[in-house]
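Notes follow once the structure below has been shown.
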Amino acid sequence: ATIDPEDVWRGAEIIKDYKEGDPILHLKLEDESTLEFRIGPKDNALPFLRNPDILVGENDLTALSYLHEPAVLHNLKVRFLEANHIYTYCGIVLVAINPYDQLQIYGEEVINAYSGQNMGDMDPHIFAVAEEAYKQMARDERNQSIIVSGESGAGKTVSAKYAMRFFATVGGSANDTNVEEKVLASSPIMEAIGNAKTTRNDNSSRFGKYIQIGFDRRYHIIGANMRTYLLEKSRVVFQAEDERNYHIFYQLCASASLPDFKDLALTSAEDFIFTSQGENIFIEGVNDAEDFEKTREALTLLGVKESNQSSIFRVIASILHLGNVEICPERDGESCHISKDDPHLAHFCRLLGVELEQMEHWLCHRKLVTTSETYVKSMSCKQAANARDALAKHIYAHMFDWIVEYVNRSLHTSSKQHSFIGVLDIYGFETFEINSFEQFCINYANEKLQQQFNQHVFKLEQEEYMKEQIPWTLIDFYDNQPCIDLIEAKLGILDLLDEECKVPKGTDQNWCQKLFDRLSSRVHFQKPRMSNTSFIIIHFADKVEYQCEGFLEKNRDTVYEEQINILKASKYQLVADLFQDTSKDSSNITITSSKSAKINVRSAKPTPKVPNKEHKKTVGHQFRSSLQLLMETLNATTPHYVRCIKPNDEKEAFMFDAGRAVQQLRACGVLETIRISAAGYPSRWTYPDFFNRYRVLMKKSDMTLGDKKLVCRNLLETLIKDPDKFQFGKTKIFFRAGQVAYLEKLRADKFRNACIKIQKTVRGWLQRVRYRKIRKSAITLQRYGRGYMARRLAERLRLTRAALICQKQYRMVRERREYLRVRQAVITIQAYTRGMFTRAIFHEFLLHHKAMVIQKHVRGWLTRRKFVRARNAAITIQCAYRRLRAKRELKQLKIEARSAEHLKKLNTGMENKIVQLQRKMDDQAKDLKTQNEQLVVAKASLDSEVNKLQKELEVMRSRQGDGSQLTSLQDELEKLRAELQEAHAHRKKLEEEYSSEKMELEQRVEELERENSMLKSEKEDMNRKILRHSKSTEGQCFSDLAELDEERQRYQNLLREFSRLEQRYDNLQEAKVTPGHRRNNSNQSSLESDSNYPSISTSEVGDTDDAIQLVEEMGAEKAAMDIGVFMKLQKRVRELEMERKRLQSNLEKMEDQALRKVGPCLGLISNKCLCTRYLKAIADRASQNSSSNELQEGYNLLLSQLKAANEELEVRKEEVLILRTQIVSTAQQKEEKSNHILEWTNSKKPIDKEQALQAYHGLCESKNKASDWGYLNEDGELGLAYQGLKQVARLLEAQLQSQTRKHQDEMTAFQTQIELLKDDIEKKQEMLNHTMSLSPEAQVEYSVQQEITRLTNDNLDLKELVEKLEKNERKLKKQLRIYMKKVQELEAASQATKSRPELTRQVTVQRREKDFEGMLEYHKDDEALLVKTLITDMKPNAVSATVPCLPAYILFMCIRHADYINDDQKVHSLLTATINAIKKVLKKNNDDFEMTSFWLANTSRLLHCLKQYSGDEAFMTQNTAKQNEHCLKNFDLAEYRQVLSDLSIQIYQQLIKVAEHSLQPMIVSAMLESESIPSLSGVKPSGYRHRSSSMDTDGDGPGSYTLESLIRQLGQFHGVMGEHGLDPEIVGQVIRQLFYSINAITLNNLLLRKDVCSWSTGMQLRYNISQMEEWLRGKNLQQSGAVTNIEPLIQAAQLLQVKKKTSQDAEAICSLCSALTVQQIVKILNLYTPLNEFEERVTVSFIRNIQNHLQDRNEVPILLVDTKHTFPVLFPYTPSALSLETLHIPANLSLDFITRV
């Protein structure tokens, strides 16, 4: 490397051997030009050596073999420009280069990728530094600090912001306080009030800040605190060209048009002096209005009230108005004034709530206080302007401090802080053309920070040497303590500055002269040659010349107390609070002056206050104190350094200015770190890494040694003769600078020699193979040539023979053709000759024929002409004769026309017309007469009125006698006449209007009549349809009669069901449906196994009275079908009550009474069942048909019911007749058996139900035994049956009569309903007619109004219905409480008599013993024990040897029994307890994969059982006949199936979470780091981060995993899931999700690590993936989709292995990597690193070629894979082939309290 003025350092290559002592070094530069570089003691030293290519682009600068400035610069440039990597480690420092571009490397997935990782394992990143700080805080119990420094525009604020975002993400608050959001919300606030645009940075922080993020003992964020340093207040009143004031001013001006800010009187920022001095108020790409909204949102999030926000904005606006206050000078030049009409001063005073006159006065005057008097002195215009600017700066500074204090209060926590991480964002070293007080303070702070940095680096180096037990040699490093002493020591620069500020007439020139006098002897202080008002300080980074002008003023920070007092008296509380502590905290001092102009003297009554010491503190003193406190804080923490570098001054994206970069690297201490590292042993290798890398240099005998340390020691002693070049540590080998490069050269030479030997051998083998191929080819060619010659000779002989044959044949053909040609010519001549003679004869004949034709036509024409002439003559004669006859006839007609007869005929029609006209005239005369009469009457009435009026007039004249009254009366008369005429005219007009309206109405009536007729016709059609439908329903009735015949065949089973119905009725009286279940149809009851007769519970009947009342309130229209149902149900309830009383009394009677009662009961039951079936049919059809068919169908069904009852009655009568005949024929047998009957009837024991059953069986069997009449009369059965049938007949007759009456009532109700429907139809017709007469708009409005009315009525009806239902519910609840109380009393009584109640069955009739039905019965009190045994205390290994999912089967069998006994309370309780217990067990074992898998299998199996045995045909397709018998009968558990499905999904997600948590530490180590193929991977030199990782683990320690361990863990997961009986589909989905997690974590790690992006890693990765695929095939999981999920990883491995040179390679890569995004492909190519010199790096042009090929891809720009993505789980229905009755329960489960049923 050589020095260059533009690039600083340039790379070159030696083209001629150099010998020591040569004066010239011949070089070739990178641009192929040559250079002769002079070397000598007077010229130049030898240039620095470059690192080998394998080390170029290292992510840690300390890993470079040659550590010097050009190597560092070249490495940073290569990483920044070629790979676009902005972060690089330099020992403990993270170097961050500002890219001036938005990079997609700060997302949440990147945070997750770096979280929990060691700092040296991943690529450099700000998140890695933050993770290291977070991890060390948790591990070492020590506070941490992240120090971010750099020039303005280098990206310090952004780096600090991302660090805080990392802490907010990984250390989120444990509760809902959202402290992390508040911490992040403080950033936009502080940027708005503390950042501004400068020439170097659009968002430059003009203050320093140190943010402490507090953590609790669990390391969750609990609060934060912020300290600020040295706000640049001068920016408020002055900005340089192309710079801006603080952002908040421009944000507020951009939002001035909002309604909330109208009273601020703001306009554009260009209109204010404080915001327009930079001449450019805009920043490219920044919207100030949007940023202002973000600032307001952040203030709101931090709890700043709207009133306080308004006050803050008023203060900011007032500062802008203050800057525009115009100060006018007086003529004398020593005083000034402000115009009274100045609008800005008025706005300033109004916004701050102060007195206008006082502020106007004190802005132009000041007060001088002495011991005896107080002087009010006028100020010059310049002094007043300075005072105004000082006031503006003072107001803004106090507002800044208030906001910082409020932010700290918002972020403060009351809980105890365990530890904290501080983030220091402070200005870097600055040097400008003009450096003032601000640059002095900034560079002073950087001197202190650099000293702390040097000490820390030196300390870490010493600790590393001590840890490795290396002899420590003193390293000389730059100590900047003399420079710090120059600034802050006694009588240093700051002391002299404070001393000069205390002098009344102190000036900057005097202070500068004192510096020259007292500090000239200091090494770090210099005096410029050409200036007496500036001085030079030699800082650690560079020499800086400071201008003295303004130092004293800025150090004093002067503001006048009178102005502050006015602000204290503000009417706004926040403004007053800003300045309450001014006298104590501010550094302002009152200034005195010797000028005497217009001084007003007055006595000073109050004694002036003596200012305290704090009041005298200057800005420099305060800054030194705060800096000292900061250093103490940093020294008490573990620091982490981030050095931000600005690559260029043009803010261009990815442009690298080497000169500016070197300047900043020197200033920020990076090169000092390099120098300290290079002074000792900078290169460090662990023994295993060194052994793996350089074992090629060892001998075979050395490899046999087991101790790797000893092998490495022997090798180094052999290779490096100088023992000072390396040291052996405890775990590492330390090398001097350049030694690793020397070892790399030896390794490369070894590889080169080996390659040459391999090439020699391979080339010889290739030549031998080539010779054998050539010899074999020659022999083959000779053989084929000779064969070709022989074949050609044979071919010639064949061709010769063929030629002779061809000649012979050709000659024969030629002669034959000649003969045939001559023969053909002769024949042709003959033919033409004969034709000529024939044509001549034919021509002659043709002439004769034509002559004959001409003659024929001429003769015909002559004859026709003669005929025409004769015909024309005849026609002429006929015409003349006919004309003569016509003339004679015309003459005769004229004579007749003149006669009278003809006239009479013509006048006949005229007479009729005349008669009609006469009648019309008569009618008109009558009308005229009537009108004349009316006129006469009207005239008479008018005359009478006139006479009356004349009389009144005369009376009036007589009374008054005055002519004036007469005229008035006449006028009044005229008025009345006019009004009368108007009235008549109005009346006529109304009559005309009414007549027209009447005609329109008549037309409308006719139209309505037509529509009515149409509707009637439609109604008749509907009636005909109803009749047709009723006929079809009659056919259904016949089918129902057939069902009645089948019911009679089951007549024998009714007695057996008699006792059960009694118990069923008692149960139904107490039953109530629990919410959460849906009852099935009653024909699926538990009694279906023996009888097909359904049962109706009282819960289905409900409260009958309330139901009927509800029907009445709802109206007949809505309850047309329900009224019959309610009547039937009411009848049913009454009959059941009578039946229960009757049966209870009959059970106490004797045998004859019991047998006599059998018949009526059976008849009653059969008839009730019949009614129930028809009621159910009515309900089903009512729900299916439309409202128009409901009435007719209900009527037809009732008719069919009546017919069925009549037919049943006829059947009973026939049976009675048959029994009578049997009784007469068997009288004798009955007498013989009388003794037995008497004995039976006189028995004292009541008849048993089983005996009654047997007796009835005997009665039924007697019908089939007609031959044995004695058997019929056995035990008096015949008489009893006769009596029973008589009662049955009577009961049926009574029922028939009641049915008839009920039918009549229903017919009446139906007629009423029909009338209502008719009325409704008429109303609808009227509405339709009215609607049609309206306009379209009115129709819409009318329809909407009608719909609203209808909905309102429906709503009222529904409300009434809800009230009724609530009332009914309250009644049922009350009854339920009563029944529950009775049950509890009975249980208490039974427990008092027995220690444990025996389980009783619902069926009281004894049955034959049955096999196990697959149900388990338990007592209600044992439910908790059952759940505890099967769920809470269940261990998976307890049932490992039994049927998989045994607990699920047992629970379902218990549910089956509860369903079998129709106990919905038991079902609900068991399912609820089961679900809650499973949730508790999973919560307790939330990290146990085996337990989670076990309960996922059982929950899904329980869900499948509920589906399989639900009775739904969709789930019964694969069931056996026995399984279909086991289906649930009474309950529909669809809601619980949904709950179990949701629970299964939760368990699945927990299972995935547990498995991923177990696999996550293993994935990276197994997939990327372990050597599955031994000796394939090479190890590169590692940097400091690998040397001092936060978790030092050996390669063989617990932190490393192999691929075998990963596959073993996957196999364990698969085995556990298979052992627990988990469905294979779910197992496949689990493996698919785990493979996605493996792919995401591995690929993300690959994309963030440079050390694994190599060819050897690609080979290892591809081998590992193939092993994973082999495992999938072995487990038969290749169809699970897992391979698809790792396709991106496969393509990444292939991308690392393929060639990356030509455009064809680029096309192949683009087609290969379809599953990778463009960002991922480019990232891998940028990270690709060769492990030896035989590999080549990927060129920038190749990467650009790849980007050009892939630019057409339409995909989301994603770099890292989302590791938290979860595929949606699907639980397919998997029925069980296991039959429940064959299930065996092991004894070790201790389930002896349950009983098999």
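Each residue, glycine too, has its Cβ placed from N, Cα and C.
Curation plays no part in TrEMBL annotations; they are all automatic predictions.
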TrEMBL annotation (coiled coil) - matching range among 958-985, 1014-1041, 1126-1153: 1126-1153
Segment assigned the feature region 'Actin-binding' in TrEMBL (from 305-327, 351-373, 627-649): 627-649
Given ranges 1188-1222, 1503-1537, 1748-1782, the stretch to which TrEMBL attaches the annotation coiled coil: 1188-1222
Among Ser152, Thr157, the most crowded of the binding-site residues [Cβ within 10 Å]: Thr157
Fewest Cβ neighbours within 10 Å, where candidates are the binding-site residues Gly150, Gly153, Gly155: Gly153
Cβ neighbour count within 10 Å of Lys156 (ATP binding site): 27
Spatial neighbours of Glu151 (ATP binding site) that are distant in sequence (at least 6 apart) but have CB under 8 A: Arg200, Gly428, Phe429, Glu430, Cys644, Lys646, Gln664, Ala667
Sequence-distant neighbours of Ala154 (ATP binding site) in its chain (C-beta under 8 A, six or more apart): Ala96, Asn98, Asn201, Gly428, Cys644, Ile645, Lys646, Gln664
Across the domain 'Myosin motor' (56-748), average pLDDT on the 0 to 100 scale: 83
Other same-chain residues whose Cβ falls within 8 Å of the Cβ centroid of Gly150, Glu151, Ser152, Gly153, Ala154, Gly155, Lys156, Thr157, the recorded ATP site, in sequence order: Asn98, Asn201, Ser204, Ser205, Gly428, Cys644, Lys646
